[in-house]
Structure formats: C-alpha cells, structure tokens
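J.: This structure is in structure tokens; I'll ask about it shortly.
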Amino acid sequence: MSVNATISLALDRVDWNALAGNQEKLPRVFTPGEVLMPEAGFMRGHGTFVEDENIKASVAGVIEKVNKLISVRPLKSRYVGEIGDVVVARVIEVQQKRWRVDTNSRLDSVLLLSSVNLPGGELRRRSAEDEQMMRQYLDEGDLISAEVQNIFEEGTLSLYTRSLKYGKLSQGILVKVFPALVKRRKMHFHNLSCGASVILGNNGYIWISPTKNEDQEGGEGGFAQNLSEVVPRHEREIIARVRNCILALAKCKLMLYDTSIQYAFEESLKYDVHELLQQHVIYDIGEQTQARLRDADE
C-alpha cells in the first residue's frame, strides 16, 4: 500500500531577504555560559552567574537591563504567577482543609477550603462537615478555573474561586501552550462568535467548551458538572477546530487572545478540521492571521 506524504522544509518557509533586513531589530539570544558584560558596575540578576569577573548567562534567553541590574529572560520557562491572574488548574491531591493543584508553575499551588464557594453559594464559616465532604466538591483529576489570590514567600500560589464564574469545569478540551503566548488582558473568559467558549489561563492552560446559556452558569456555587449531557456533533467539530487553531497560532509563536483566535478560526474555514494538523496549513493560517492583526492595528 502506497501513501502520499507531503514534506515541507523549513528552508522553504524562511524569507532570507526579510530576515537579513531585520537583523538589527531582532533581539540577541544568549546561550548558557556566554559572557554578557564585565561584572564591574553591574548587579547580577536572574539567569546569570559570575565567573572570571564577568557576568555570564546561565540559561538561553534574551538579556534584560534595568538600571544596573542585568538578568536573562529564558526562552522557555514555567509559569510565574501574579496576583489577579486567571488560571486553569487540575486537582492532584485532597489534603486537610485544602486542595493541591497543578498550575504549570515550579511548585504546586493550593486552594484552601475557605477560598471556595459552598454549594448553593452559602456564606458561612467552614465546619468539620464541609471538610469531610471535600471530595464531593473537588476530587483528584478535576479541572477548575480560579484566580491567584496570594503568593507565598517560597513561590507557592494560593488560589480562590469565590466568584460564580470560577469553579469546576465540565465538558470540553484542555490545550497546553507556553504561558508567555497568552496575552494578559482584563478579560480571560470569552464566548466566541463561532459558538465556543474559551478560558485563556495565564498559566498556559486553555479550556475550550460549548457556549453555555446564562441560566446554566453559577447555579451550584461553581460545582455544577453535567457529564451525561450529549454535546451535538457540530459543536464538537467547532471545539476541535478552535483547538487546532490555537495550536497553529502557538506553533507560529503568535499571541493568544480572543481576536487572534477568532481570526484564525475564520481563516481555517477553507480547510477541513483534520487538515489543520498539516504543517503547510498551520503556517498559512499563522500568516493570514498575522496579516489581519497587522491591518487591524493600522
């Protein structure tokens, strides 16, 4: 049995003339062990070390200079949380009066029992009965949306879901990208016009789900989860297309926010859903989306 395979070389996708013309504008990428500058008169920051009276890079990245402080921002890194960030996380352990959750950061984050809404939205002190029913609220493996409330000294994030827009996630798809690709904005919950809802977590976890009706949201204090409801085929196809569009934008290193995802979705309609996994289609969608974003900014 013979199968036709299309192989596109990276050499064919690079515009060498444009790359040579923008050489001065591109940031310099330093490799580990490379000399940044002499130590005299400068302070060593993150991603650097001192050797032979020179400040050298300890990670591969771009140099950042703030007054006399020299640091290197790595090209790829774990999520570094900030207070107020919206995150999508997975519960990995139920502990005493708290849940331990994975937020794609260096350390596991915590969600305190006092930082969640009780079923029905009750406002009262947490009792021993609430502690015994913690697994009925959130169990291992559950996905949640939350907000960073506090950052402890060692870097552990403390989350809270004391809002009806946060809580347990139901049916949908989880997509993982680099946290630096998620654009920081005031709103990270979006109902796209294509018929899907996305939660753009600052930690690089993106949740795609069918758009809910207004009367379905927040009815159980953030613990409502209907896994028996059948999602129609056309909605599943829309979710799969949005998922492939997000991966295509991430492959092209384009910032992810509601406008870029919507543009990519519209540009992908000329392809079938499974064709969005092909390399030449990914770069075509990335180029078309980048051109539309550039025209919108002008």
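Placed from the backbone N, Cα and C atoms, the Cβ positions cover glycine too.
Below, the features straight out of TrEMBL:
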type: DOMAIN; residues: 30-66; note: domain 'Exosome complex component N-terminal'
type: DOMAIN; residues: 78-150; note: domain 'RRP4 S1'
type: DOMAIN; residues: 172-211; note: domain 'K Homology'
J.: Should anything in the same chain at least six residues away from the domain 'Exosome complex component N-terminal' (30-66) have a Cβ under 8 Å from its Cβ atoms, list it; otherwise answer none.
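T.: 72-75.
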J.: Who are the long-range neighbours of the domain 'K Homology' (172-211) in its own chain, taking Cβ under 8 Å and residues 6 or more past its ends?
T.: 76-82, 85-89, 103-105, 143, 145, 165, 231, 235, 238-243, 246-247, 249-250, 253-258, 261-262, 265
J.: Give, as a single whole number between 0 and 100, the mean pLDDT over the domain 'Exosome complex component N-terminal' (30-66).
T.: 89
J.: When DSSP states are grouped into helix, strand and coil, how many residues of the domain 'Exosome complex component N-terminal' (30-66) land in each?
T.: 0 helix, 21 strand, 16 coil
